[in-house]
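Student: According to Swiss-Prot, the feature active site, proton acceptor maps to His363, an assignment based on sequence analysis. According to Swiss-Prot, the feature UDP-N-acetyl-alpha-D-glucosamine binding site maps to 11-14, Lys25, Gln76, 81-82, 103-105, Gly140, Glu154, Asn169, Asn227, Arg333, Lys351, Tyr366, Asn377, an assignment based on sequence analysis. According to Swiss-Prot, the Mg(2+) binding site annotation covers Asp105, Asn227, on the basis of sequence analysis. As annotated by Swiss-Prot, acetyl-CoA binding site applies to Ala380, Asn386, Tyr387, Ser405, Ala423, Arg440, with the evidence given as sequence analysis. Marked as region 'Pyrophosphorylase' by Swiss-Prot: 1-229. Here Swiss-Prot flags 230-250 as region 'Linker', drawing on sequence analysis. What Swiss-Prot lists as region 'N-acetyltransferase' is 251-456.
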Amino acid sequence: MLNNAMSVVILAAGKGTRMYSDLPKVLHTLAGKAMVQHVIDAANELGAAHVHLVYGHGGDLLKQALKDDNLNWVLQAEQLGTGHAMQQAAPFFADDEDILMLYGDVPLISVETLQRLRDAKPQGGIGLLTVKLDDPTGYGRITRENGKVTGIVEHKDATDEQRQIQEINTGILIANGADMKRWLAKLTNNNAQGEYYITDIIALAYQEGREIVAVHPQRLSEVEGVNNRLQLSRLERVYQSEQAEKLLLAGVMLRDPARFDLRGTLTHGRDVEIDTNVIIEGNVTLGHRVKIGSGCVIKNSVIGDDCEISPYTVVEDANLAAACTIGPFARLRPGAELLEGAHVGNFVEMKKARLGKGSKAGHLTYLGDAEIGDNVNIGAGTITCNYDGANKFKTIIGDDVFVGSDTQLVAPVTVGKGATIAAGTTVTRNVGENALAISRVPQTQKEGWRRPVKKK
């Protein structure tokens, strides 16, 4: 169906008192992303010409958090209802475009449902998203005559008979810009709350003989709003359950779907296995046959085919080629790169460092600002001393180097191919190819040494 041009209004002015937080409610995160960002992303995916964000409390925090989004900021200085919020945005509406109204605290609304609503909107009428609830207490009821929608009555203004209606208003609707402006201008606050309700435009449209078409969402969770942290946590679990289900159906083996969190986008190959309590953040790519152990956090990284990540390892902004093994308890920080078959063991940290093909750093090591060749052995307790308190310097280690345990490499320094660094050495000058570097203090031995004893 050919749709009119469309702009989106997102209401995000509420204080969120029941969150008990200094952060504006809509900035609280779901799956690692602000609730309002989920809604903005949906609007953009729908192809909105403009996104008008109506804000009030915490405006500076909102603008800082959403500075990269192309938004038209609309101030609602006083919170006098949803109709009042839309009135603030109305001057920006074009007469010949459709206006879709969304909410910053309803984060799981799907693009598919919104597109169906957009397609269903009758010419000159209103498309309305409604849902039926077993217990509709507190929600605005949809009134009908001969099956046709005639209006919405807020719970506090409803009669006992109207309160028996189970079909409720979700608050999400779409209408033509010129019509919307005309109806908004006619709103009054003659109700129990003394507020301007956007829902009153439904009755105004009906009085003009305009058609109102109701559409239902695919899932109830799509239209559930967040007023407190309990509701937010419940929606988080709904979202994560949906993501886990998609991954399982796509062939990813999640050992326990209830203990997996996806806070971004996961691209994966075949026969991927993910153990419990794993968190995926940002954009992550997993190759074929990747195995991730329990308790790992993977963020903005590419993991090649046949890699194995042992439990409680953190990988951030890193790249692993095929057949690498890391962990347990390893940390790859931004700029870490492992070439094919490399191994990083327990309590090893890498940052802005490359570990070559078949090279190994097995235990208790820090590799920062380093370039390490192929088939290198990094002994336990090795440290690249890359920082002098003001500037960072690079360590370069050639192919086939053996670095003994408890070695300090004071950068800038280069170790040539095939060199050997003796255990306990502090390397302060370049080491030539196939050379042995050793800087230990000569060992002394005192025979018959008696240990000190405590004085009584």
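Just so it is clear, glycine is given a Cβ too, placed from its N, Cα and C backbone atoms.
Relative to the rest of the structure, where do these features sit?
Tutor: Under DSSP, His363 (active site, proton acceptor) is assigned to a strand (E or B) in the three-state scheme. Annotation for His363 (active site, proton acceptor): same-chain Cβ neighbours under 8 Å, separated by at least 6 residues, are Gly345, Asn346, Phe347, Val348, Ala380, Gly381.
In the three-state DSSP reading, Asp105 (Mg(2+) binding site) counts as coil. A 10 Å cutoff on Cβ-Cβ distances gives Asp105 (Mg(2+) binding site) a total of 23 other Cβ atoms nearby, all chains included.
Packing around Asn386 (acetyl-CoA binding site) is summarised by its Cβ count: 23 other Cβ atoms lie within 10 angstroms of its Cβ, all protein chains included.
Across the residues of the region 'Linker' (230-250), the predicted structure has a mean pLDDT of 98.
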Student: Going by Cα-Cα distance, pick out whichever of the binding-site residues Leu11, Gly81, Asn227 is nearest to Ala423 (acetyl-CoA binding site).
Tutor: Asn227
Student: What residues elsewhere in the chain lie close to the region 'Linker' (230-250), defined as a C-beta under 8 angstroms and at least 6 residues from its ends?
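Tutor: Residues 28, 30-31, 35, 107-108, 221, 224, 257-258, 260-262, 266, 268 contact the region 'Linker' (230-250) from elsewhere in the chain.
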Student: Could you tell me which of these binding-site residues, Leu11, Ala380, has the greatest number of Cβ atoms within 10 Å of its own Cβ?
Tutor: Leu11
Student: Between the Cα atoms of Glu154 (UDP-N-acetyl-alpha-D-glucosamine binding site) and Asn227 (Mg(2+) binding site), find the distance and write it as a whole number of Å.
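Tutor: About 18 Å separate the Cα atoms of these two residues.
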Student: Across all chains shown, how many C-beta atoms besides its own are within 10 angstroms of the C-beta of Asn227 (Mg(2+) binding site)?
Tutor: 14
Student: How many other Cβ atoms sit within 10 Å of the Cβ of Arg333 (UDP-N-acetyl-alpha-D-glucosamine binding site)?
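Tutor: Total other Cβ atoms inside 10 Å, all chains included: 16.
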Student: When the number of other CB atoms within 10 A of each residue's CB is tallied over all shown chains, which of the binding-site residues Gly104, Glu154, Asn377 has the maximum?
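Tutor: Of the binding-site residues Gly104, Glu154, Asn377, the most buried by Cβ count within 10 Å is Gly104.
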